Amino acid sequence: MVDFKTVQAFDFQGKTVVLRADLNVPMKDGVITDNERILASLDTIKYLLGHNCKIVLLSHLSRVKSLDDKKGKKSLQPVASALQNLLKNTKVHFCPENTGDKVKVAVNQLPLGEILVLENTRYCDVNEAGEVVKHESKNNAELAQFWASLGDIFVNDAFGTAHRRHASNAGIAKYIKNSCIGLLMERELINLYRLINNPPKPFVVVLGGAKVSDKLQVVNNLFKIADHILIGGGMVNTFLKALGNEVGTSLVEEDLVQTAKQILDSDKDKKIVLGVDQMLHASFKDEPGVECVVAPQWPAELQGFMSLDVGSKTVALFSSYLAKAKTIFWNGPMGVFEFSNYAQGTLAIGKAIAQNQQAFSVIGGGDSAAAAKQLQIADQFSFISTGGGASLALIGGEELVGISDIQKK
């Protein structure tokens, strides 16, 4: 049940709307390589434009850590251009600033039915002297008040940052009278709440990716709601080491080995299922690997090798659980997905989930979503989230602090 006010709660006619969208798209040399997040924000933008209002659009792009980062390579200008190409009949303006009098003037002069994209909100994380001040990322009150002062109504549609308390989401909501969530945010919450509120059983979760630390909270919370937690990717090595298995030079979070052991010891119902074999290579290279069964000791010729993907036995094991599932949540690749030799595990798991058309299946963003796209099976999943970290936080039982100050119904 989504208890926040939605866009349907307000009359936007003639108003100035501050819209926080998640337009954090991947770029290479100033060119957008995947516009999925821009496309995902269009429903809300078009809804607002249909109600004849001004839109002041805020978004972050990547992390900004230096003055060099503010010299154009992390600018939202290409995003504004992409938006203009998608909204042929709407004028999209770009403002190279995001605070100060120039912004106020630009907002005041903006005609109804047009959009003003302000510069990357994270430019405010580095001041003019080059000091890292994190005014956006640490929810600076003065910055939040300035952005709140620009509009009559705040619409937060940036699910990707819903788990972060930033000036451009939580901050604005605190200092503006009227606020609501956008259509994308509403869709995300409805689908993800289906996973945690009495999901059809069996509920199978697939976790991958490099780090255990990112997913510890989730694993602990999932014990309460999931039937099986399948663990692959780099994070499985920390669990395998905790059980006394050989991991060679694989990625392991040494400081969490003991924590992983405690999690496994407390798993009385044996909900956690670890990979049983791995694809190994002598170094971190995209070259064919060797399949090896998980064991306390690897063969002598594989000493010092590292795991770069799950093996075929793990794929078969995980697929057997996924075939019987009624609810599935998948977050994180099974191996080094960007290497073609080590993308097979991730692609196979994607196929296994897509084949189970009886299940309510959700992908938690990131590389898992990229895998579904690569396989051209994205439409066979019930829902693909736009926010990997935010979806994990919600499934992990955390409060989404970036939206908690939005007005309730």
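Quick reminder: no glycine exception, Cβ is built from N, Cα and C everywhere.
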Listed co-binder of substrate (same site as ASP22, LEU23, ASN24, HIS60, LEU61, SER62, ARG63, ARG122, ARG164, source Swiss-Prot) among ARG37, ARG187:
ARG37
Consider the binding-site residues ASP22, ASN24, HIS60, ARG122 and say which one has the Cα lying nearest the Cα of ASP367 (ATP binding site).
ASN24
Sparsest-packed among the binding-site residues, when each Cβ's other Cβ atoms within 10 Å are tallied, from GLU338, ASP367:
GLU338
Secondary structure at HIS60 (substrate binding site), reduced by DSSP to three states:
coil
Which residues in the same chain, at least 6 apart in sequence, have a Cβ under 8 Å from the Cβ of SER368 (ATP binding site)?
GLY208, TRP330, ASN331, GLY332, PRO333, THR346, GLY350, GLY388
Entries of LYS215, GLU338, GLY365, GLY366 which, being binding-site residues, have CA atoms within 10 angstroms of SER62 (substrate binding site):
none
Using the alpha carbons only, what distance in Å do you get between ASP22 (substrate binding site) and GLY365 (ATP binding site) once rounded?
13
